[in-house]
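Q: The structure is given below, and queries will be raised subsequently.
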Amino acid sequence: MEGGGRGPNQTILSEIEHMPEAPRQRISHHRRARSETFFSGESIDDLLLFDPSDIDFSSLDFLNAPPPPQQSQQQPQASPMSVDSEETSSNGVVPPNSLPPKPEARFGRHVRSFSVDSDFFDDLGVTEEKFIATSSGEKKKGNHHHSRSNSMDGEMSSASFNIESILASVSGKDSGKKNMGMGGDRLAELALLDPKRAKRILANRQSAARSKERKIRYTGELERKVQTLQNEATTLSAQVTMLQRGTSELNTENKHLKMRLQALEQQAELRDALNEALRDELNRLKVVAGEIPQGNGNSYNRAQFSSQQSAMNQFGNKTNQQMSTNGQPSLPSYMDFTKRG
């Protein structure tokens, strides 16, 4: 039991002794890949005016770098350290395979990967196969470099994007016009450098054109509706004017009818008053006629009665003439009333 307890401690101590005193320092620093800053926002204007013919490929260090040595034999894989293994618990000796191998220092610089921006170098006519040279001066294919990955950047002739269609759409629609801050020539150059961005710009332009067409159609429909409403308002205003004229005419006629009615009422009142006056006079005459005693055959009495009767007839004729001159209908004379009485 004691030997099994000391085994793991001895293993840990032996690992600590084999550890280096200071961490390994890399001689060469890591170069930042051009694919990370190739299409930055600050230098996009310079990239659009980029001329591939100005590149000096002889000055590139990754083309003249010697190939790394190839390992002929594979290193034996280190067996994982097990604290609870039977060998360490029983013997207390650390097996040689359980020690981690020392890291080997690697001398060399980071080579830029062609997988991220290989489309750009394909347009320039530069591939990694042409610039991998051996010591004898012969050019041959290197097997130790990173191969191009179609999953990251795709081919230029893939179905997702077609530069020819972009160039045709640019030359057909937007030639001579500047939309979204970029002309057709610069967009064509951008299509060669960054196809995805050019495709996105074209999609935005098409979407803006469609929205503009929808806006124009909607504005035209609104204008037609406004014109229709204006015509209806004009027709209704004419009808309202006609109705107002009819109403004013009816009001005038109503006033005339009211005036005629008032005149008729006044005439009726005058007739009633005249009838009352005649009736009172008739009653008075009846009373007077009843109070006169009958004569004894004297001619004086008859002459007096005839003179009174002629005076009454003259009074009735005068009243009839006055009524006819005023436009009132003629009324029966007092003689008629006396005869009827």
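Residue positions begin at 1 at the first shown residue.
Quick reminder: no glycine exception, Cβ is built from N, Cα and C everywhere.
Below are the features listed in Swiss-Prot for this protein:
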COMPBIAS  15-24  compositional bias 'Basic and acidic residues'
COMPBIAS  71-80  compositional bias 'Low complexity'
MOD_RES   S79  phosphoserine
REGION    1-33  region 'Disordered'
REGION    59-106  region 'Disordered'
REGION    135-156  region 'Disordered'
REGION    163-341  region 'Involved in homomultimerization and histone H2A binding'
REGION    196-217  region 'Basic motif'
REGION    222-257  region 'Leucine-zipper'
REGION    307-341  region 'Disordered'
MOTIF     198-205  motif 'Nuclear localization signal'
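So that I understand the layout, could you describe where these features sit and how close they are to other parts?
A: Assigned with DSSP, the residues of the region 'Basic motif' (196-217) fall into helix, strand and coil as follows: 22 helix, 0 strand, 0 coil.
Summed and averaged per residue, pLDDT over the region 'Leucine-zipper' (222-257) gives 95.
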Q: Tell me the residue counts in helix, strand and coil for the region 'Leucine-zipper' (222-257), as DSSP assigns them.
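A: Residue counts in helix, strand and coil order: 36 helix, 0 strand, 0 coil.
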